[in-house]
Every structure is written in structure tokens, then in C-alpha cells.
């Protein structure tokens, strides 16, 4: 299993980057004994000004053939943390690669959303795409703690 976080834009040094790195390091430590691989963070920039379509091309080229494509989108399905953990466990148990895609400021191209195995939302509000990275990294860590039976996730 390979786990990719594909994101448009480069996260500069600062609190958001620190949080993403911290949560992904926690995920790696917690997930390794569970058979979850470290997250490969891929950042893309459309330097030619092609917008969402060019960004979609860059993301699509990076996604491994046969990988489950999960897109973060305001129109996506709102999952609970345990439901997200169940998805992650299912992909792990089936040996399927997973690519989690976060679009730029304008979102993701419709053709990439249509191709997704799962469109996921962090609620009906729109979030800055750089903050979504932090939220997704935290949810990955939370999912690993749920699968490990750790007390981090409380209901």
C-alpha cells in the first residue's frame, strides 16, 4: 500500500507547515505497527497558468494506477472520524494504494472529482486549501489512533 497526499500549492514555513509535519510524523509512528505506510506528500504548482485543468493533470499523473482516489471537496460526503478510519483500514487490508487530493484556491476540476472513488468534505463550509492539509493530516493521525485503540479519539 502506498499513501499519497497530493496538494496544489506549496506550503511555506510557518504554523500550517509545522502542524502538517507534526501530524504526519505522528501518523507514521502510530500507523507503522498497523501496516499503514508513511504519507508521501506531493505538492504541485501550475506554473503555466492553466488553472484547475492543468492542476488536475498534474495530480492525475502522480496517482498510481489502480489507486483509490479520494478528493477533498465541499460537495463531498461528510464522514465521521471512525468512518474515515474504516475506509483507511479497508484500503490497507485490500492492499490498495490511496491518493488523497486537495485542490487549489479554486478547488478541483470536475473531471477529477468525477473520477474519484470518494469525495470527502470537512463540512458545508469552504476552508482555505492550506488549512485543509492540516485538517486532513490530523484526521489521518486520528484514524490511525482509532485503529490502534488509542484514547486520542474521544466521543
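Using the three backbone atoms N, Cα and C, a Cβ is placed for every residue, glycine included.
Remember, predicted model here, so these are calculated numbers, not experimental data.
Residues 72, 122, 123, 124, 125, 126, 127 are given by Swiss-Prot as S-adenosyl-L-methionine binders; from 51, 103, 149, that same site also lists 103. Counting every protein chain shown, 16 other Cβ atoms lie within 10 Å of the Cβ of residue 127 (S-adenosyl-L-methionine binding site). Considering other CB atoms within 10 Å as the measure, the emptiest surroundings among the binding-site residues 72, 125, 126 are those of 125.
In the structure shown, the C-beta of 103 has more C-beta neighbours within 10 angstroms than that of any other entry among the binding-site residues 103, 123.
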